[in-house]
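Trainee: TrEMBL lists A:Ala154, A:Pro155, A:Ser156, A:Arg157, A:Cys158, A:Gly159, A:Lys160, A:Thr161 with the feature ADP binding site.
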There are 2 protein chains.
Amino acid sequence: MTLARPVFFVSDGTGITAETLGNTLLTQFDGLEFDKTTLPFVNTAERAKNTVDYINFVGQQTGHRPLVFSTTVSDEVRTMLRQVDGLFMDLFDLFIHEMERELKLGSTHAQGRAHGVADRRRYDERIEAVHYAMEHDDGASTRDLTRADLILIAPSRCGKTPTSMYLALQHGLYSTNFPLTVDDLEQLRLPLALKGLEARCFGLTSDPERLAQVRSERRPGSRYASLEQCAYELRQAEQLYRRRGIPYVNSASMSIEEIATVVLQEKHLRKHGYPGA
Amino acid sequence: MTLARPVFFVSDGTGITAETLGNTLLTQFDGLEFDKTTLPFVNTAERAKNTVDYINFVGQQTGHRPLVFSTTVSDEVRTMLRQVDGLFMDLFDLFIHEMERELKLGSTHAQGRAHGVADRRRYDERIEAVHYAMEHDDGASTRDLTRADLILIAPSRCGKTPTSMYLALQHGLYSTNFPLTVDDLEQLRLPLALKGLEARCFGLTSDPERLAQVRSERRPGSRYASLEQCAYELRQAEQLYRRRGIPYVNSASMSIEEIATVVLQEKHLRKHGYPGA
């Protein structure tokens with residue numbers, strides 16, 4: 001009885017929704033250890049039976065009743081999964097009937113919709129957005145810059161690149177990012193390529209200590225990573241943002257997801273229908 | 001009564017879980033139009049009150065009872081939100097008590113855990129993975145290649161880049177990708193830089209028609225985009241994968257999420273504790 005409690009995310013699709021659901025709930029329980037396993041594409045009666053056998057086996061081996069988070073559209077598969085010797089929690093079980101009553105419409109029971117290619121045109125656009133964001137990372141290209149939905153600007157290592165990629169991948173945004181160089185910061189000016197594009201800009205700052213730590217991992221002992229240099233660059237960046245009326249956020253204690261959420265809200269850029277929107 | 005039905009994703013955090021939950025459920029209802037709005041960071045009583053007023057206002061304006069998907073940890077905020085004049089569905093309402101009983105433990109009611117910086121070391125690793133994946137996109141660098149968790153290989157435009165970025169961002173994987181050039185394909189050999197790294201490789205293929213369509217958008221009328229050339233490259237790629245015992249999948253009708261799920265399963269690369277895992 002000393003092993004971590006087994007947790008399973010089961011789905012007839014990718015399992016992403018089951019993971020999101022389960023992990024969100026599990027963050028609310030401190031001091032317990034969980035051993036998590038994702039079982040995707042459980043979309044036939046045979047796979048459902050094998051899944052139940054496997055989960056029961058793990059439960060017996062560990063001496064812990066497993067927690068099972070499921071998002072299974074097929075009634076047949078779900079009915080079988082429910083037999084599992086564990087706490088079975090299914091998203092569809094709980095909400096879909098309420099929604100059917102409210103919408104006065106039966107649900108389709110179609111599998112693999114949440115994270116599949118639901119809309120080919122929109123999906124292809126999203127892929128184009130990822131390629132665009134790759135090409136335009138860190139000011140690498142000024143081609144087609146007027147196509148950008150968003151231009152993230154910041155001193156080096158404040159989180160521009162991951163945030164930009166996240167917004168392209170999860171929200172299908174044509175997202176670019178430009179570094180503010182020491183020259184830009186000294187003269188409180190935007191990179192020349194961004195002339196006329198101020199309205200698409202969003203700034204990032206950080207805390208000097210945090211920035212110095214991140215930069216030190218790259219170039220330990222350098223002037224670039226010194227607390228003094230980081231403090232100077234951040235001070236100048238904030239002054240530049242304020243002077244140009246560019247919205248900005250301090251990313252020091254925020255995750256990519258939190259930064260992205262703030263950017264989407266501030267710039268009114270949320271396009272619904274993408275995986276992360 | 002002709003307007004789309006309003007849908008709200010409400011959370012005291014980023015709203016990502018509420019969106020995932022709600023969008024998954026909504027994919028089950030065909031033929032209805034939904035007008036979706038995300039309201040993140042509703043983490044005070046005052047914001048909860050404003051949120052309820054706003055949702056009620058939209059409901060009255062459209063003549064449709066709104067659907068509200070909520071993942072709100074605070075009991076106080078959730079109690080206020082529940083007053084809304086619409087169908088209110090909260091993730092915590094439904095599952096958290098069952099889990100408390102099962103785990104014989106009270107939940108912490110801590111906000112912003114699901115998509116915040118829960119574990120700084122792990123978060124920083126994830127950011128490093130994103131930078132690594134950027135640097136190693138499309139065979140651009142062979143530096144530190146032994147650090148790679150995964151090497152995706154494929155002919156041009158089969159989905160290597162978006163899949164690689166997704167695995168880095170959502171799963172914290174040191175993910176790289178290499179194109180199979182026409183020379184590689186003709187000689188049925190792997191890129192030279194991958195010598196000794198075959199065990200980390202995963203291959204992608206596609207359908208000739210789909211690949212020709214994707215390539216045509218880049219270089220219409222080119223030999224590169226011709227059906228004949230695409231069919232040849234895919235045939236050779238599959239033969240190469242089989243000969244070298246490299247697992248592969250046909251990405252033609254799959255989303256990034258579905259390809260990534262297959263790769264994680266086949267290569268046993270799922271690290272739990274990341275946003276997408």
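Heads up, residue numbers simply count up from 1 along the chain you see.
Glycine is no exception: its Cβ is also placed from the backbone N, Cα and C atoms.
Caution: TrEMBL annotation is automatic and unverified by curators.
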Trainee: Taking the binding-site residues one at a time (A:Ala154, A:Cys158), which has its Cβ surrounded by the most other Cβ atoms within 10 Å?
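Mentor: That would be A:Cys158, with the highest Cβ count within 10 Å.
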Trainee: Just name the binding-site residues among A:Ala154, A:Pro155, A:Cys158, A:Lys160, A:Thr161 whose Cβ comes within less than 8 Å of a chain B Cβ; none is a fine answer.
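Mentor: Qualifying residues, whose Cβ lies under 8 Å from chain B: A:Thr161.
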Trainee: Out of A:Arg157, A:Lys160, which of the binding-site residues is least crowded by other Cβ atoms within 10 Å?
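Mentor: The binding-site residues A:Arg157, A:Lys160 were compared, and A:Arg157 has the fewest Cβ atoms within 10 Å.
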Trainee: Same chain only, sequence gap of 6 or more: which residues have a CB within under 8 Å of the CB of A:Pro155 (ADP binding site)?
Mentor: A:Pro179, A:Leu180, A:Leu185, A:Ser206, A:Leu211, A:Cys230, A:Glu233, A:Leu234, A:Ala237
Trainee: Setting A:Ala154, A:Pro155, A:Ser156, A:Arg157, A:Cys158, A:Gly159, A:Lys160, A:Thr161 aside, what same-chain residues sit with their Cβ within 8 Å of the center of the Cβ atoms that define the ADP site, listed in sequence order?
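Mentor: In sequence order, the nearby non-listed residues are A:Asn177, A:Pro179, A:Leu204, A:Ser206.
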Trainee: Quick check on the binding-site residues: of A:Ser156, A:Thr161, whose CB has the lowest count of neighbouring CB atoms inside 10 Å?
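Mentor: Looking at the binding-site residues A:Ser156, A:Thr161, the Cβ with the fewest others within 10 Å is that of A:Ser156.
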Trainee: Determine the Cβ neighbour count for A:Gly159 (ADP binding site): the number of other Cβ atoms within 10 Å of its Cβ.
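Mentor: Taking all protein chains shown, A:Gly159 (ADP binding site) has 26 Cβ neighbours within 10 Å.
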Trainee: With H, G and I counted as helix, E and B as strand and the rest as coil, say where DSSP puts A:Ala154 (ADP binding site).
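Mentor: Assignment for A:Ala154 (ADP binding site) reads strand.
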Trainee: Is A:Gly159 (ADP binding site) helix, strand or coil when read with DSSP?
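Mentor: Once the DSSP labels are grouped into three classes, A:Gly159 (ADP binding site) ends up as coil.
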